[in-house]
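Visitor: Can you read through this structure? Questions will come right after.
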Amino acid sequence: MGFPRILSKNNKIYTKLGEFCLSGDSFWIVCHTCQEELQTQDQFWKHIQDEHNFLHGVAKEHSRTSSYCLTDVEAAAATSGATTSQGAGSVTSVTVPLALYHCSTKYSEDDQREMDIHEAQQQQHQQQHQQQQQLQQQQQRDVAKELAELHANAVAVASAAAAAANESSTRSSSGIDIKIEPPCLTLPPEMQAAAAASNATIYHLPQLGPAAVPPPPPTTGFVSANVSTSTTVSTTPPNVTGSHSVMQQQAGVLTGSGLSTLSMSVGPSTAMAAALLSTQELPKDSNSTTASAGSAVSSDDGERWYICDYETCGLKFKYKSRMELHRVVHSKERRFNCELCSASFKQSCNLSTHRKKKHALRGIKSEILPQRF
């Protein structure tokens, strides 16, 4: 019974189950499964049948765990051949002892260790790669989140700025301050003498130019206020009893061309319209707005009241200072002037608000004093 054999370049014959090792005239067979050395092919065949249950080409799977070097076998054979040649020269055939090679598992253990180390390195490399990918993904998410927050903050700041601008524009457009810049004016000597005699404050009025004497006023009078909104108010005053001279004087005052032009940001308020319309009511002896001592009247219950004697106003005040503030409505006087832009105001609070908005001045309200002449 034969075996399929392949002769290699290094004088080794390999089969599927064993290795044929040649040395001179002798050879031996090494079992690949258990590394046992056998002398003949019959012994090898019987060995693989009995020990490894090999039946007609069906064998168990095995792995080669060791390698044999032919140089060691040849060195051992050469040593034994030299020894026998020095003996009897008549001997033609010499039996060469078999080189006994015992398989050790060191080579297989080293291979297994190297494979384990290689697998561990691969696993570690894969873990590091996964960690790097996770870190990059987390960084990308953080960057996207920061960009979203920055965008939201920018939108909020822009909306707040737009709201502030709208609010400031609304406030500036809804202001009801009336600015008048009259020239330097003085009161007539008669009014100054009367004010000095009554120890009252002299308020300078707008310059009243010489008025032409109009014809007698009709029953229905029309008063036109020269304002920025060009509002014309008509009224029907009651029958006026008095001399023609007084009526003509009042009409001249109303229609005189020397009145200063009012610059208003909005239409005239109800109080201003009432003040303009009241100029054709029953006349008084004087157009001066100086509060006099004779305007105080005692009521039935003994309380003292100060009554506004400007034409037909007749409003009552408990304190004289309140009445003086009220008379400013009739006189159109502006005692509080802005030292930066020459704007004038009736009340100090309006001047304070103007200085805060227009000139960004704060904390100097105590320095605002009415202008005295």
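Positions of Cβ are set from backbone N, Cα and C atoms, glycine also.
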Visitor: Using Swiss-Prot as the reference, determine which range in 56-80, 256-280, 306-330 is annotated zinc finger.
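Guide: When 56-80, 256-280, 306-330 are checked in Swiss-Prot, zinc finger belongs to 306-330.
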Visitor: With the ranges 168-191, 192-215, 336-359 to choose from, which does Swiss-Prot describe as zinc finger?
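Guide: Checking Swiss-Prot against the ranges 168-191, 192-215, 336-359, the zinc finger one is 336-359.
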Visitor: If I go by Swiss-Prot, the feature zinc finger sits on one of 5-28, 29-52. Which?
Guide: 29-52
